């Protein structure tokens, strides 16, 4: 106790001397700010704002001088079309019309391939053009979600009761829309972040593999094909039904050089040679006319509700992750900004309204968006043009596409899927981060050899495990002084940094709470044990600690008690505002003393040196 009292007196003396010596050159308030803690409601509101509104979207609205401008800004924020439409001109229209017609040429064969042309409603592009924040994203059906929905409901149901199957598809699209809208409305876009880039890369690659293999049914004309999607089952089905293969060499030249060209040429050839009579399988009858209302077909039967919820939520999450990631990627290329939460709301309403108009699940596919970007689109008007073109096709040209050969659609899908296997990105992950590579490969092989949902779960599980490891085993490093400076850096990263005899300076790099408090305590004590010479002071730099709970503070107090028993003094450096508030409210600062808390490492080191030089003087 006497030694602690002497150390406290020395520290106070050092602080007083330093204050007098640097009064003219040191800015006011250099010391740690021990102001009164904020109220609970103020801290809670600040935390909610940082969690749900990190971009502070309403600040520009509040800065407007009058109510009319505030109303205008609010309307532009929630309905983006009111932001870009007043600035629209004929020059932009020229590019958007060209882009809209181009993506329609891709949308028609994709609509036939992934769903049915009649289910590819023209309504979603109009909804997205009004509410979407991306100027480049082109909406439509995607192969991954299409296959996942088909796998969820099963081909048996399609054969036994096709009407019920169709109604469940509409219902799953409705569930997807509600789920996506809720995520955006409650600003929960952070949930999509659990689908890491590695997971998406592996998932898309694995999905591409099984979709490619599924197209062998159409390529070879196999009638009895497996309902499973894993690689082993598909290959077994292909080789076990070799006698069903019907390849017509003279007609097999149809390829995916251009989706619309393939479809039109395939239709023409199948019609002229009466392909159905010669074993060429086609799409079959397609009725012309606009999509009828389907709200009355939404089915919430308890027997099928689990399947509907599974298909709607899983595909909704995948569609969001893919659509938002693609929109952001192309926005960066055009130096534009997209709002993830507004995109969720747009996707959600797009699928809700689409489910009311006989529409299949819709999102932002990569292939169509890339075509839209390369065609020179300027605004979401290209989606409106595509919607009108699709409407004209449904009204007048739908029966023409009934002659589309399945082999042509298989070629279109296979050519699109090859681009989803990103070999270069997988190799890049292997070189940069082996754990990210494991996450990617778990999705790739899980989807390919087990199933799409299990592959996704395994990959997300690895990602969450990695996040938990980061939380439970936070980084801690020992600091040394850079020669001829007052900077302190990690001695592993900077081998030239000088360790100080009698000091252990540690930097904590993450929150301290119940999940990692034991590790933090053991790691600090290990640093002390590993010192070859006697330790006088432990300096803890908490500038990287964003929060601390009661378990964490009890851990720090326990460490201090152990160090005191060994004659070692613990000093706290630069605790952040929230951490310092917790320390003051829990009387942590009162227990260790304000004189043990410093603003910088250099201040703490100088104070400790002053103490050593003072106590080292012999008594007269």
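Note that the numbers count up from 1, one per residue, in the order the chain is shown.
Positions of Cβ are set from backbone N, Cα and C atoms, glycine also.
According to TrEMBL, the feature domain 'STAS' maps to 493-608. Sequence annotations record features per position, and here TrEMBL assigns transmembrane segment to 95-114, 126-153, 165-188, 194-213, 251-273, 307-332, 344-363, 383-401, 406-423, 443-471.
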Exercise for review: With pairs restricted to those 6 or more apart in sequence, evaluate whether the transmembrane segment (165-188) and the transmembrane segment (194-213) have 3+ C-beta pairs under 8 Å.
Suggested key: no
Practice item. Count the CB pairs under 8 A between the transmembrane segment (383-401) and each of 126-153, 307-332, 344-363, 443-471, then give me the winner. Key: 126-153
Study note, to complete from the structure: Top stretch by Cβ pairs under 8 Å to the transmembrane segment (307-332) (candidates 126-153, 194-213, 344-363, 443-471) is 126-153
Review point. Among 126-153, 194-213, 344-363, which stretch has the highest count of C-beta pairs below 8 Å with the transmembrane segment (443-471)?
Key: 194-213
Practice item. Count the residues of the domain 'STAS' (493-608) that DSSP assigns to helix (H, G, I), to strand (E, B) and to coil, and report the three numbers in that order. Key: 54 helix, 21 strand, 41 coil
Check your understanding: Which value does the mean pLDDT take for the domain 'STAS' (493-608) in this predicted structure?
Key -> 89
